[in-house]
Each structure stands twice: as structure tokens, then as C-alpha cells.
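A.B. asks: Have a look at this one.
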Amino acid sequence: MGIAAKIAPSMLSSDFANLASEAKRMLSLGADWLHMDIMDGHFVPNLTIGAPVIESLRKHTTAYLDCHLMVTNPLDYVDPMGKAGASGFTFHVEVSKENWQELVQKIKAKGMRPGVALKPGTPIEEVYPLVEGENPVEMVLVMTVEPGFGGQKFMPETMEKVRVLRKKYPSLDIEVDGGLGPSTIDVAASAGANCIVAGSSVFGASEPGQVISLLRKSVQGAQQNN
């Protein structure tokens, strides 16, 4: 996969009643991935979607479904998400310190790509063992807002984590999620993020395709300048 720019509209901001057509619209406008937020109402207060919705959407698209699991027991979700057709399975480091090796192994066995996410208050050092292990995760998601709800304000202080990660792991996929849009993309791109999750800024735009294009150009431009 390399560190190509990947723009992943967050389907949490889409019209859930028309999820298949919203997915097709985003892909036709240039999206690389579709970001799916799975929340259990426990790890985060919000309750969103689960495997049945992923399974339904999979029938309508071959797109990469980038699934972010904001759940307390990610192991319980590996089988159902694999069967449903998830492409990426990103779990939170805060709930998997004891069993991440087993988790990564099972995610890969189900044909999904493992990633690890961390909340704004979690030290970046906590993900190092998962990136450096003999069976490593393939992406790190640095949350740029507190997980749980869309439409929040970007936290610039989280960019130091991205900078540290990019310096340490030049070829790692580094994803950012929360408050990303035209006014915040440049700081994230220059810090070294290459996978960009954007919800409100894409779905709320009069020309979503232009926003997707702008996000991609910012990442590509930052990579050329580094």
C-alpha cells in the first residue's frame, strides 16, 4: 500500500438512510477509502453501526471499508466484521494492551488489514510495540478529536504524535481523524499524515469532490516538500 495519499470520507456524516448511494457518490468524487465508525456505546458514549450494516454495504461496493472500532472488546468483533466484508480493522490501543498480538493475528487470518488507534490523551509510545512487533499493525490512527462524535474541532496538539511517528516509521500508513478539512489539512499533511478521514468537511460541502481533491493535493504536496 505504501504511503500514498488516501482520502477516506467518514460515512458517519453521510445520510445513513441512503448509505449505498452515498458510498457510490463519494467514490465517484475521488474517495480512496470509505471510513466506517463502529461504536459500542461503552468505549465511547455514542452507538452507531456494526457488522450487519457493513455486510449490507458490502453488497453494493467493492471499495476499501476502513473500519474504526471504538469498542471495549475488539476481539468479539473480528469474526463478524471479517464475515461482513470489512477491509481494515482498526482497534484502540487503550483496550488491547494485553491481547494485541492475538488480535492482530486474528484480524489478518480473517483477511483484514490491522490498524491501531489512540485517543488524544494517550502517549504515542504505547503504539510502538504494535508497529515493531513480529506481527505488526499496518496503520496507526492518531485521533485528532476525542472519539465518539462527528463534527468536533481539530486538536492541533495531536500533530506532534504524527510528526514523531513519521520520523520513526517513514513508510507507515498514518491516519488522522477528527476535524480535518480545508483549514486543517495542511498542518496534518506537513506533520506526515497520509490517510485522511474527513466527515463534516466533505459531506457538508457544496462541492465534496473539490474538498476530496484539495485534501489529496495537500498530502501529495507535503510529501514532495519533505
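Yeah, the Cβs are placed from backbone N, Cα and C, and that goes for glycine too.
Okay, these came from TrEMBL:
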type	residues	note
BINDING	SER10, HIS68, GLY148, PHE149, GLY150, GLY151, GLY179, GLY199, SER200	substrate binding site
BINDING	HIS35, ASP37, HIS68, ASP177	divalent metal cation binding site
ACT_SITE	ASP37	active site, proton acceptor
ACT_SITE	ASP177	active site, proton donor
A.B. asks: Would you pick out, from the binding-site residues GLY148, GLY150, GLY179, the residue whose Cβ has the largest number of other Cβ atoms within 10 Å?
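C.D. replies: Result for the most crowded candidate: GLY179.
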A.B. asks: Between the two most separated Cα atoms in SER10, HIS68, GLY148, PHE149, GLY150, GLY151, GLY179, GLY199, SER200, the residues recorded as binding substrate, what distance in Å do you get?
C.D. replies: 17
A.B. asks: Note the Cβ centroid of HIS35, ASP37, HIS68, ASP177, the recorded divalent metal cation site, then list each other residue of that chain whose Cβ lies within 8 Å of it, in sequence.
C.D. replies: ALA8, SER10, LEU12, MET36, ASP66, CYS67, THR90, LEU141, VAL197
A.B. asks: Quick one, of the binding-site residues SER10, SER200, which Cβ has the fewest other Cβ within 10 Å?
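C.D. replies: Sparsest of the binding-site residues SER10, SER200 by Cβ contacts within 10 Å: SER200.
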A.B. asks: Note down the number of other Cβ atoms within 10 Å of the Cβ of ASP177 (divalent metal cation binding site), including every protein chain shown.
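C.D. replies: Summing over all protein chains shown, ASP177 (divalent metal cation binding site) has 26 other Cβ atoms within 10 Å.
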A.B. asks: Among the binding-site residues listed here (HIS35, ASP37, HIS68, ASP177), which has the Cα closest to the Cα of GLY148 (substrate binding site)?
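C.D. replies: Nearest listed residue in space: ASP37.
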A.B. asks: Note down the number of other Cβ atoms within 10 Å of the Cβ of HIS35 (divalent metal cation binding site), including every protein chain shown.
C.D. replies: 29
A.B. asks: Please list residues from the chain of HIS68 (divalent metal cation binding site) whose Cβ is under 8 angstroms from its Cβ, counting only those at least six apart in sequence.
C.D. replies: HIS35, MET36, ASP37, ILE38, THR90, ALA117, LEU141, PRO147, ASP177, VAL197
